[in-house]
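Chemist: Dropping a structure here in structure tokens format, bear with me for questions.
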Amino acid sequence: MNGDHMVLGSSVTDKKAIILVTILLLLRLVAIAGNGFIIAALGVEWVLRRMLLPCDXLLVSLGASRFCLQSVVMGKTIYVFLHPMAFPYNPVLQFLAFQWDFLNAATLWFSTWLSVFYCVKIAAFTHPVFLWLKHKLSGWLPWILFSSVGLSSFTTILFFIGNHRMYQNYLRNHLQPWNITGNSIRSYCEKFYLFPLKMITWTMPTAVFFICMILLITSLGRHMKKALLTTSGFREPSMQAHIKALLALLSFAMLFISYFLSLVFSAAGIFPPLDFKFWVWESVIYLCAAVHPIILLFSNCRLRAVLKSCRSSRCGTP
């Protein structure tokens, strides 16, 4: 089953697990609030100016997918916690998994395209292909967004087919969730259909993301070394700008890596579902998810300006 480790079968009664689930829900609320602010801030600018820069349009798309994804995941967490013995392919969880599969794939692709955009626009490479992409990439943005939605929809349908077939097999054979025959059929489908599909779906955008991030961080590192030779140190405004950009990129990369690892660990069954280690790992992942929107708010000049205007309006200053 896809989506926040939806294989069930044991109840969560441990007090530590309950505390971690509570922390997890709070972190998700923070992530929802942060992404919601990003959507609202850039959405207002879009309405006022009737346009958005390509980078901002990608940020809105990423923020919207994360906002919806966190909301769906929160619903799944509550459902799993309240119904730990529910069959993992019942209609409710299939509906939630359908949303999760689409939003998860869209989030991965939007994050990847944002890294591509940063790499092409910021990195200082002189290769002809790289320079050609600098001029063409912004015009491709609508097609990039549509292709991301299309790929996400296609893989979501493939996931739904596998999930629905297992549920139909369960109904035909009147199997119980803990039935040995039912579990063997489910394990076969998960191992030879869902798992390869997951790896292909998640690895493609991740590979592109890593390549772009390595190129971009390498370019910024070289530029910082050159700047150090011509400036008085790290207190120079230009150097501080490079450091902030590098830290923002590293935080983005850490979030993406941690999220990708959580997906792989889930698919491989490294952390048993509803086990204490499972909730610890989830808390770490969503701590990153909650922190990254905050980093974006302070690293993006437009978002930072909106945040300052909100503070000044609260204080009653012009």
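Cβ atoms here come from the backbone N, Cα and C positions, even for glycine.
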Chemist: Looking at 265-285, 286-306, which stretch does Swiss-Prot describe as transmembrane segment?
Modeler: 265-285
Chemist: Which is it, of 184-204, 205-225, that Swiss-Prot names as transmembrane segment?
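Modeler: So the range that Swiss-Prot calls transmembrane segment is 184-204.
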Chemist: Is it the same side of the membrane for Leu82 and Leu228, going by what Swiss-Prot records?
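Modeler: Swiss-Prot topology: Leu82, Leu228 on opposite sides of the membrane.
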Chemist: Can you check how the pLDDT averages out over the topological domain 'Extracellular' (256-264)?
Modeler: 86
